[in-house]
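Novice: Please read through the structure below; I'll follow up with questions.
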Amino acid sequence: MARQQPPPWVHPAFLLCLLGLGGAIEIPMDPSIQNELTQPPTITKQSVKDHIVDPRDNILIECEAKGNPAPSFHWTRNSRFFNIAKDPRVSMRRRSGTLVIDFRSGGRPEEYEGEYQCFARNKFGTALSNRIRLQVSKSPLWPKENLDPVVVQEGAPLTLQCNPPPGLPSPVIFWMSSSMEPITQDKRVSQGHSGDLYFSNVMLQDMQTDYSCNARFHFTHTIQQKNPFTLKVLTNNPYNDSSLRNHPDMYSARGVAERTPSFMYPQGTASSQMVLRGMDLLLECIASGVPTPDIAWYKKGGDLPSDKAKFENFNKALRITNVSEEDSGEYFCLASNKMGSIRHTISVRVKAAPYWLDEPKNLILAPGEDGRLVCRANGNPKPTVQWMVNGEPLQSAPPNPNREVAGDTIIFRDTQISSRAVYQCNTSNEHGYLLANAFVSVLDVPPRMLSPRNQLIRVILYNRTRLDCPFFGSPIPTLRWFKNGQGSNLDGGNYHVYENGSLEIKMIRKEDQGIYTCVATNILGKAENQVRLEVKDPTRIYRMPEDQTAKRGTTVQLECRVKHDPSLKLTVSWLKDDEPLYIGNRMKKEDDSLTIFGVAERDQGSYTCVASTELDQDLAKASLTVLAEQTTTTNGLAALPKGRPDRPRDLELTDLAERSVRLTWIPGDANNSPITDYVVQFEEDQFQPGVWHDHSKFPGSVNSAVLRLSPYVNYQFRVIAINEVGSSHPSLPSERYRTSGAPPESNPGDVRGEGTRKNNMEITWTPMNATSAFGPNLRYIVKWRRRETREAWNNATVWGSRYVVGQTPVYVPYEIRVQAENDFGKGPEPDTVIGYSGEDYPRAAPTEVKVRVTNSTAISLQWNRVYPDTVQGQLREYRAYYWRESSLLKNLWVSQKRQQASFPGDRLRGVVSRLFPYSNYKLEMVVVNGRGDGPRSETKEFTTPEGVPSAPRRLRVRQPNLETINLEWDHPEHPNGILTGYTLRYVAFNGTKVGKQIVENFSPNQTKFTVQRTDPVSRYRFTLSARTQVGSGETVTEESPAPPNEATPTAAPDEQSIWNVTVLPNSKWANITWKHNFGPGTDFVVEYIDSNHTKKTVPVKGQAQPIQLTDLYPGMTYTLRVYSRDNEGISSTVITFMTSTAYTNNQADIATQGWFIGLMCAIALLVLILLIVCFIKRSRGGKYPVREKKDVPLGPEDPKEEDGSFDYSDEDNKPLQGSQTSLDGTIKQQESDDSLVDYGEGGEGQFNEDGSFIGQYTVKKDKEETEGNESSEATSPVNAIYSLA
């Protein structure tokens, strides 16, 4: 059972722990303690170091601190005192140091930029915030520019530069057309990290849209749009056939010359990049070429970190998250197409801003105690550490004889009340800084209890419980427990006291009930509290519901009789199929049963009786099976189903003796399957209450047996019946029978003595169980003595299963005995076991270490034995640490990771193998015992000779046509010497026919070769190896590609294989079939890879063919193979296929549909009618004699015509503000309307987060103030169109 739920006041309890040199004290969270104790200030909340604010909002710079008394605050700005009272815009929040700068009455936020630092002070010290750099977010306008059309030849590379305005923070860049459609990106057209748009090769279809760069600014939520680029593509084939876009040879079909790759970004063959530890490393390679090159990434001398590396932007970018020092090195990207490849090497250096190894923590001490503050950080370059006290450099602080500074540690000795202060540790390098506050507080507090007095705790019999007694004091008090106000301190046996003062009672018995008192004492006084413990009987279901089978319409009763503690409230509930049971009108629930009237099929299931009190619960489950009404068979008999036997019942104990008893039972129904066995189980209530153990097994023909018993065990028995179907439910338990006690007849086993520290020995053993205890109060007499001295035996009495002997010499043998004892006497004389005290680190290293190089990958070692007294433990092994210092080849990066080789302690020579040839190594040897490594021996240096190289990397076989095969490869990852050349062996094969092998030798610099095919039908198998002066190295084998959709039937081979793979592709799926000669039921795996190098597999069960791949993409090329799930080496040949495009040319063109043409004609007629109406409306504003229409005479300022009439027009027909009337009467803007930016007075058009246009253009606030009398409608292009009408 789980321990009892602690009362609410225990949850904020605390742990008292020892830190540093002395006992550092943890202040409890109790509010009464917190409010009474004095405490220096602690910064609890502050703004980030780089604080960027929105210029439209008030500025908030946070600084919160706690302390007692409450601290006061002041600020510095740019390292000078910031007088808040002199600036009416600046205020400080009440009971806080947070600054508020208000701009509602005017002012420019930029005037307040700078570096701020907060100081929180009370009479015990001063705490500092970080230096907070305040910056105002900026969203500068895009400079206006007129962009000429970009003229480019089809197939040529192109870069459209974005050059966004430098905002703070940097804006998010995305490309759209002027019609607000996102630019579709793929591996040919993509946006770089800088925001530029790269075309690996320009195609004619790129001219169908324009390209506008957009910058989204975070704080102002505005989007700036650059004037769009317009492309003009020069081509040899002006007809833009969309069907060629997915053509496998699209470029040659359009007459575009194929080109080898070249890098657009970065330039050249090598570059370098620096990244800070913990940040993301982004490497980018964008290449041009025809066809569009594929990009692959590698790391020299190792693999890419698979758990942190991911590819972005169609493999053009490599991102490594949370960079560490191990990620430094050389990376290279390889751009390749069928015309060739090129690579760019990027040297990555990982630096680090300071990061904590040991951050200083608050130190609370009692008077006279010692302690220390540790400030340890790492970084690259190594950071410097500066200590301050109360915000001032430690060097200028008053001298303190109790304080000693040792680099990154401050040691306090014999602290006094006057030692209270707040210390700051500032560690910094060129990449950043860390600032930490840690106060030293000295408290003098007598013991105090933190829990309510006289608690009541109720616990179930035989459970484990814990009594908590939270306390506080300085110096840290000692705590002792007493029962019923008398007796000795409770610890040991059934009791265990934890360091925080809690008392655990491992198994509650009736006699444990009573009042427990905890007493906390220090030099200033003592405090005590009491806990009253009540022991309750467990809740038990003694008559459980039984499995039943009932006919439909009958009545069923499920019994559930419970025994419980009468002082606890009992609740009995029922579950059906583990869900709460709804008691309907056909059911009746009583205290000891559940009755179901008129049983129906829906009543079938499992029923669980749950008997619970507020402290515990018990469960019992039974199943109900509902049978339909019986039908008569042709022969009058029905086959009876077999089932598990019913449980035995009415258990009875007779012939009671000291060491035996007779158990008799009545068998249950066998359910049409004879009972074969009975299993008798027992349970005892002292050591493992509630746990049942097998006692004995009897044949199914008996129902009575004599059971052999052990002394002093309170037995309870039950019986389980077994037939061929299974086991019955256990019978109800018998009554209990306790045997009389006796001295133990055996002693605990597995006695050991081992040191856990260098000055102790821990004696352990396997405790005895209930059937071997033989009496109450089982305990163990532990004896020990030094083996060589034959001194008198030391002894101790232990109730547990371990005992620690302290203050022992280092690794000496002891004689150990452990004897069992109970209240009836001692067990037999125990055997003597040899144990050893704790080991210490070895004091000596192996001497005369000699290294002899045996070959290019192995060395032999020889050394002298160390003296036994220097081992200080059991000599486990000699261990050699070795590492590769460098390669004899220039500019070859090597890993200097330490490796190790171990040799048994009785050997003085050994061999270290698996070394890299042609390398410089260093080696050290140590002695190893159970504690660890000893000191290192003298470092030995050796050089391995030249060896054979590893296999050439990335052998690539391409077949551009039926006449030639192109081979390319990379140099071996491990040359293991100076390369002298390469050897290529190749042979033609067609099915089982194999041609003559041809051998070619190449120079070490040659990594390409072209084979002129003599047989256009056969395939070729190539085997390539590299050579040094020592010889040829490992080989790599590749075969020339199979023809696409290879499905030529071949005869079934004799050995197990897979052949005749056939692919029938559609746009988004493909059906796969194959032939094989495996046995029935064999499982296969279909593996396919798309042109983006994404690999997927589909498991295939048995003979399930054809297989449909359903997650394909239209117009994409795939490679596919089928292999055996049990043996991946048995595989089909790799075939290539392409899915069809999603929309083909045989689909109906909408522009040729009759209904579409009719709709367009109707719309055109409607527009024509609207234009005629608008023209008539406009003509009504013509000239007419004013005096015929008005009686009011014209004023001298009225515009007059010579004929006595004037132009009268509507306000809406006036030209727009900022526009002029042309000679033909139309309205023109004064400035260019090439971009939507001009409508927004600076281009702050409003867009959604994905870049789509969302409505009206914004107008600058200052523009509204200076031109407030102008019509706001004139700003909208839509209103301008209405005004023309």
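The backbone N, Cα and C atoms fix where each Cβ goes, glycine too.
According to TrEMBL, the compositional bias 'Polar residues' annotation covers 1216-1229. Marked as domain 'Ig-like' by TrEMBL: 41-137, 143-230, 261-349, 354-441, 446-534, 538-625. The domain 'Fibronectin type-III' annotation in TrEMBL covers 647-742, 747-840, 845-947, 951-1053, 1054-1144. Annotation comment: TrEMBL describes 730-756, 1028-1055, 1186-1285 as region 'Disordered'. The signal peptide feature in TrEMBL is assigned to 1-24. If you look up TrEMBL, you'll see 1155-1176 marked as transmembrane segment.
Provide an account of the burial state, proximal residues and distances for the features listed.
Specialist: For the domain 'Ig-like' (143-230), residue counts in helix, strand and coil come to 5 helix, 32 strand, 51 coil, using DSSP.
If you take every residue in the domain 'Ig-like' (538-625) and average the pLDDT, you get 92.
Across the range of the domain 'Fibronectin type-III' (845-947), the DSSP-based residue counts are 4 helix, 52 strand, 47 coil.
Counting same-chain residues at least six beyond the ends of the region 'Disordered' (730-756), those with a Cβ under 8 angstroms from any Cβ of the stretch are 542-544, 647-649, 651-653, 656, 658-659, 661, 663, 665, 681, 683, 685, 692, 709-720, 762-768, 772-776, 778, 780, 784, 801, 804, 808, 811, 814, 816-828, 830-831, 833-839.
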Novice: Where among 41-137, 261-349, 538-625 do we find the most Cβ pairs under 8 Å to the domain 'Fibronectin type-III' (951-1053)?
Specialist: 261-349
Novice: Quick one: do the domain 'Ig-like' (143-230) and the domain 'Ig-like' (354-441) reach 3+ CB pairs under 8 Å, ignoring pairs fewer than 6 apart in sequence?
Specialist: no
